[in-house]
Each structure stands twice: as C-alpha cells, then as structure tokens.
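Trainee: Here it is, the structure, as structure tokens.
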C-alpha cells in the first residue's frame, strides 16, 4: 500500500489555496460588474480571453511530441456542463433568495465532494481527517451564520434553495472529473477543452442577457480570463497530487478571501464571528496539510 507523503499533501493544499484565492477575484467580479454586465456576460468574456491566451501558449509551446488532442473529449464536455450549469444554478439561487442563504447552501458542495470521492474514487478518510474536515465545516457555518444566513428563510425560497443544492452537487461532480482528468492529461489540455466548451455552452445565454456593448466596459472582464486560467491551473495541479477528500475543505477559505476583498474594496468590516470562523477554517486546512493519507 503506497502512502501519499505529507509534503505532497502540503503542495496540493498550497496549489488549491492559490487557486481559491484567484477564483475569489473572479467570483467577486459579479459585484464589481453590477449594472454594467450580467453574470453570464462576465463568464463568457473570461472564457473567451482565457481560450485566446491558452491558444497562444499552446502554439508557442508546440513541439514534435506535444499534442493537445484528447481521447476524453466527452469527459471534458461533461465536466464543462457540470461546472457551467452548476455555477448558473447558484447565480439563479442568489438572485431569487437571500444571497447569504444561497452561498451557505452552495457550500454543501464540499461535503458532496468528500462523499463522491469515497463512492467513486474509493478514497478512505481517517478519523483525524474527519476531525479536520469537521473543524473547517464548523468554521464555514460560523462565518455564514454570523453574516445572517437563514435568519429570514421562508417557504418561497424552497425552489431556489433546491436549485442551489443541485448546483452544489454539479460542482462537486465536476471536482471528481477534474481529479480524473488531471491524472490522465496535461493541465494545458484540460484547460483548453474546458474553456472551449465553456464558450459553446454560455454564448447563447450570455447574448440574451448582454447589458453593455461598450469595449471600455467589457475590457476589465476580459482581463479576468488570465486570472481564471491561473486559478484553474493551480486547482488542476493540486488535484493531480492529492485526494479530493483532502482538498475539498480548502475551498472554505474562499469565505476568508471574500472577506478580505470586501474589506479592501467595499468597506465591509468583518465581524468577530467571521474572524473566528475563518480561523477555524485555517486550523482545519493546516491540519489537512500535515496529516498523512494512504492510497
């Protein structure tokens, strides 16, 4: 039985942590874009600029023995569908119920990732790992409840809440495919396919919700492409090294990064609950970094 070294877990956690930090910027773009661009419009623009950047890099890095043609195109397409519509589901839920409640429900994807990893990847989780996962999950709950999640929940939110939960499940399933694809193909191949298929899936819905056609208004969202590509690269590198059950809870750090962005750009002062919850998430993440896992 081959053991995964602690240092490997540490590397994987750092990769995913970096990817989560970068994705926090991408996720915050919706707030920056308010009144200027729709969420689908922002998504399409970042897919386009990301694919252009990847195409240029692929052309520059081409060689005799380098190919980006995949034998798993259908799996890439399925992954793109899961990620795209999982994100759309959460955007829909956020628009039709309190955004804090929608965010709290969508964070269930971390639990779903762990469950799917156990079912489909036969990952085993030790008692110590469960302890670290529970600590991180409690931290996420503390952050969300301290911000007022579920204080005004009513029956009219049941449908969008169900959509948010479905979106969380789709994103968790995407994480399993990322793990599978990252084991079989290069990061460049994975990135090229998901961004190409992302454009195909989003172009029509984005066109129907387009708000501004001014180049100057859309330029900042085109710049999100390289940021998103860097984030995806970090996530792929991390998922190639370690189990999804180890890396899933690291996504909770998004709450901390979102708090930093809110403080710097929107004068949002973090409450003591947010600080406490973020500290618990960090403690759980550090524990996951140093705990030894076995294949």
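The first residue you see is number 1, and the count goes up from there.
Placement of Cβ uses the backbone N, Cα and C atoms for every residue, glycine included.
These came from TrEMBL, pasted as-is:
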DOMAIN    12-144  domain 'EamA'
TRANSMEM  12-32  transmembrane segment
TRANSMEM  44-63  transmembrane segment
TRANSMEM  75-93  transmembrane segment
TRANSMEM  99-121  transmembrane segment
TRANSMEM  128-145  transmembrane segment
TRANSMEM  157-178  transmembrane segment
TRANSMEM  190-213  transmembrane segment
TRANSMEM  219-239  transmembrane segment
TRANSMEM  246-266  transmembrane segment
TRANSMEM  272-291  transmembrane segment
Trainee: Do any residues of this chain, six or more beyond the ends of the transmembrane segment (190-213), have a C-beta under 8 angstroms from a C-beta of it, and if so which?
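Mentor: Long-range Cβ neighbours of the transmembrane segment (190-213): 35-41, 43-44, 47-48, 50-51, 54-55, 58, 68, 70, 73, 76-77, 79-81, 83-85, 88, 178, 181-182, 229, 232-233, 236.
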Trainee: Summarise the model's confidence over the domain 'EamA' (12-144) as a mean pLDDT value.
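Mentor: Taking every residue in the domain 'EamA' (12-144) and averaging pLDDT yields 84.
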Trainee: For the domain 'EamA' (12-144), how many residues does DSSP put in helix, in strand and in coil?
Mentor: 105 helix, 0 strand, 28 coil
Trainee: Same chain only, please: residues at least 6 beyond the ends of the transmembrane segment (44-63) with a C-beta under 8 Å from a C-beta of the stretch. Say none if there are none.
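Mentor: Contacts with the transmembrane segment (44-63): 26, 29, 37, 188, 191-192, 195-196, 198-199, 202-203, 206, 218, 221-229.
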Trainee: Near the transmembrane segment (99-121), which same-chain residues lie under 8 Å Cβ to Cβ, leaving out any that are not at least 6 residues past its ends?
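Mentor: Here the qualifying positions are 86, 90, 93, 133, 136-137, 140-141, 144, 147-150, 153, 157, 160-161, 164-165, 167-169, 171-173, 175-176, 179, 243-245, 248-249, 251-252.
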Trainee: So are the transmembrane segment (246-266) and the transmembrane segment (75-93) touching or not, going by 3+ C-beta pairs under 8 A with a sequence gap of 6 or more?
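Mentor: Per Cβ check, the transmembrane segment (246-266) does not touch the transmembrane segment (75-93).
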Trainee: Tell me whether the transmembrane segment (12-32) sits in contact with the transmembrane segment (272-291), defined here as at least 3 Cβ pairs under 8 Å among residues 6 or more apart in sequence.
Mentor: yes
Trainee: Count, for each of 75-93, 128-145, 157-178, 272-291, the Cβ pairs lying under 8 Å from the transmembrane segment (219-239), and report the range with the highest count.
Mentor: 157-178
Trainee: Would you call the transmembrane segment (75-93) and the transmembrane segment (272-291) in contact, using three or more Cβ pairs under 8 Å, pairs 6 or more apart in sequence?
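Mentor: Contact between the transmembrane segment (75-93) and the transmembrane segment (272-291): absent.
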